[in-house]
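First the structure, in the form of structure tokens, and then the observations on it.
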Amino acid sequence: MHPTLISAPISSSANDAHAGTSQGSHQGHRIQVIRRDGSSTPLNIGKIRAVVDWACLGLEVNSIALEAGLTTRLREGISTREIQDNLISCALEMCSPNEPDWRYVAGRLHVWSLWKDTLVRRGYQYGQYLRTVQTKVTNGEYDSRILTYSEGELQEAGCWINSDWDTDYDYAGAVLLTSRYLLPNELPQEALLTCALLLASVEAPDRRLQWARRFYESIAARRISLATPILANLRVPGGSLTSCFIVAMEDNLESIFGEITNAARISKNGGGVGVNVSRIRATGSWVMGKPNASGGVIPWTKLLNDTAIAVNQGGRRAGAVTVGLDVWHLDVPEFLEMQAENGDQRRKAYDIFPQLILPDEFMRRVINKEDWTLVDPYEVREKMGIELAELWGEQFEGAYREIESNLDTTITLYKRINARELFKQIMRTQVETGMPYLSFKDTINKANPNKHLGYIPGTNLCCESFSNVTPGQDAHCCNLVSLNLANLDLQDIAGVSQIAVRMLDNTIELTAPPFADAKSHNNKYRTIGVGAMGLADWLAKRRLNYDELADINRLFEEIGYWCTQSSMELAKERGAYPAFPGSDWQKGLLIGSKPVSWFQANAAKPERWEKLSNDIQTHGIRNSHITAIAPNTSSSLVQGCTASILPVYSRFFYDKWAKGTVPIAPPFIGNCFWFYPENKTMDQRKVVKAVAAIQQWTDTGISMELLFNLNAGIYFPEEPERSLNAKDIFDTLVMAWEAGCKAIYYIRTVQKDDFKDSSDGCVACAN
């Protein structure tokens, strides 16, 4: 990364570095500058030059150019804040693919402004951490659990703070960190240190400072990225630290409204939630014995939609809900039209994220162009005693064929449709809206280590986290962090994985679950999700291509092994998760419920996997699910790396923010420009192959977006007039299922005649 700075030119008083009493001139006369405290003083060009030199130190930029750009914007009565903003604007305007380091200059200047504002408001910057903690606990801003540490321990911890870490952010990262995550009068390293101390507060008193320092250094050096709920909520009283939830509705009012209430509680705390509605009776079904009385799943989905809008994550943004429906449900055709502009607006839900759950039997019929039967779960349940939503694999296939053999005799409410035609309708909706998400139910459940206690109905909001869900008993919940691969080498994986797993296991003790079913799941399964971001950076730094599957396999084997091994070591220390007896883990199966023989045949280091299997059978494992790769669209900007495990959309582009146009580029663009393949021109089959390779070493899921460029000549250079067609997209989606991917998140498209150069805004993957 970029070199850190030994010290910044910060004055000990609240005066600004842009102003002072020394002689300074501009255009032949002395300009008066308004300081942050409201006083006036002559402009001091020397101090401006010192700040500019500091912001440019060690970067491949010309500081004189920045100073020259500023001088044209100086005027009588200008404030030091305006000078600072003008410096930032100049730096951003000079940023380009040839000079990408200007975004780091702008980031440092933004942090400088934060330091100065904090000095003015509270009278000190870094150096008085104990005072900060005491003040914020008194004001109700910090959780009082931080005071389980003694004053001496807090003073010692304050000495770990390294303000140079603040200067490693580019402008996008600095702005996001300060605007989204910091409390009033709080500096970045204070926030990160407080998180680390709280994460370690559940450790043994004689070891917690040791762990707190390891946590802090991993977070502050951006080797581990905390998920938004942890970074935003851990410091505040009563915060939920959980990112992902899944609930399921029974076919009765008590369950339906109970889960809507639970979704509201989740949204209030900033989490995203998946809601499975497959048990709910279809449109035209019976209600209290009356035929053709049910309105189906759409009215309940609309209620969830409106709940997400009303309970807006503490005023930060609208809630986020994905509604999952099994593809055999009679309401699937209307579900696919639920976000179309035409039709009855009372049966529309534009703000939720639809998800379809697909069994293998459906996919086989799609490939073979066979018929598919849509049925009413209520009629099937009442007349045949089958709860179809709970079945998967061979059990589902047998029950489904039995249902089909009883059409017209027993089952009267149904619809026959060609499976291929239904899949085409799904694809059309995806191209138009990006959704529905697709969850491959059998693939997900075959890899479920807790089959002995239930099944997985679908995925969470981002399609990477899922485990058993039982309506009214257990609601899936998972706490997340991600490894920042841009800042890691292979030899770092073991140590950082141990820290990440331990951190997340501690969050289970610290979080405040928003409802009883979530607490029950937390206690029973202890599900966590260690993810990854910056794969594109890791590959580019090593001059590797995105289709270098052997290297990708080696990297994620290390992550999978060390995260699993770390959870086993925690079980030695703290005990196995309560649902471990009878699980696939106890039977000696490993990641994805695969036997040791698979690892002996496919792993780079097969012998360690056999030992790990034996150790887990002997000692247990602390967490039922351990790894899950989230999309990380925003948090990757704070981390200064590319999002998740996907290629970059574009090597360099400008994003439109409230603060103006912001340049976005990967960290190693200066030296590795051509080793960042652009997703907007990449054959998406390469993405599927890479995700499938990573999935082998990931026990939960991966947020896999697919981006299809519909312009001519992109994928077929030998046929410049040819553009992607429906069959190409169809083949890619089927390939994802066949390759063992568990879900497909968004389908993005670059529309015809809307193709942008790298320097233009990102039009296809804005989040």
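In case you wondered, yes, glycine gets a Cβ from its N, Cα and C as well.
Lifted from Swiss-Prot, the feature list:
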REGION    1-30  region 'Disordered'
COMPBIAS  9-26  compositional bias 'Polar residues'
DOMAIN    31-120  domain 'ATP-cone'
BINDING   THR228, SER243, CYS244, GLY272, ASN460, LEU461, CYS462, CYS463, GLU464, PRO631, ASN632, THR633, SER634, SER635  substrate binding site
SITE      CYS244  site 'Important for hydrogen atom transfer'
DISULFID  CYS244-CYS478  disulfide bond
SITE      ASP251  site 'Allosteric effector binding'
SITE      ARG281  site 'Allosteric effector binding'
ACT_SITE  ASN460  active site, proton acceptor
ACT_SITE  CYS462  active site, cysteine radical intermediate
ACT_SITE  GLU464  active site, proton acceptor
SITE      CYS478  site 'Important for hydrogen atom transfer'
SITE      TYR745  site 'Important for electron transfer'
SITE      TYR746  site 'Important for electron transfer'
SITE      CYS762  site 'Interacts with thioredoxin/glutaredoxin'
SITE      CYS765  site 'Interacts with thioredoxin/glutaredoxin'
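Sequence features annotated in Swiss-Prot and their locations in the structure.
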residue	record	contacts (Cβ under 8 Å, 6+ apart)
THR228	substrate binding site	ARG180, TYR181, SER243, GLY270, SER634, SER635
CYS244	substrate binding site	GLY271, GLY272, GLY274, ASN460, LEU461, CYS462, GLU464, SER465, HIS476, CYS477, CYS478, LEU480, GLY529, ALA628
ASP251	site 'Allosteric effector binding'	ARG279, ILE280, ARG281, PRO377, TYR378, ARG381
ASN632	substrate binding site	SER225, SER482, GLY531, MET533, GLN639, ALA643, SER644
TYR745	site 'Important for electron transfer'	TYR437, CYS462, CYS463, PRO631, SER703, MET704, GLU705
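The DSSP secondary structure for THR228 (substrate binding site) is helix. Residues in the domain 'ATP-cone' (31-120) partition by DSSP class (helix H, G, I; strand E, B; coil) as 55 helix, 8 strand, 27 coil. In three-state terms derived from DSSP, ASN460 (substrate binding site) belongs to neither a helical nor a strand segment and is classed as coil. CYS244 (substrate binding site) falls within a strand when secondary structure is assigned with DSSP. Mean predicted confidence for the domain 'ATP-cone' (31-120): the pLDDT average there is 90. Under the three-state DSSP scheme, ASN632 (substrate binding site) falls in the coil class. Here the binding-site residues are ASN460, SER634, and the one ringed by the most other CB atoms within 10 angstroms is ASN460. For TYR746 (site 'Important for electron transfer'), the same-chain residues lying six or more positions away in sequence with a CB closer than 8 A to its CB are GLY434, MET435, TYR437, GLU705, LEU706. Per the record's binding annotation for substrate, residues THR228, SER243, CYS244, GLY272, ASN460, LEU461, CYS462, CYS463, GLU464, PRO631, ASN632, THR633, SER634, SER635 show a top Cα-Cα distance of 18 Å.
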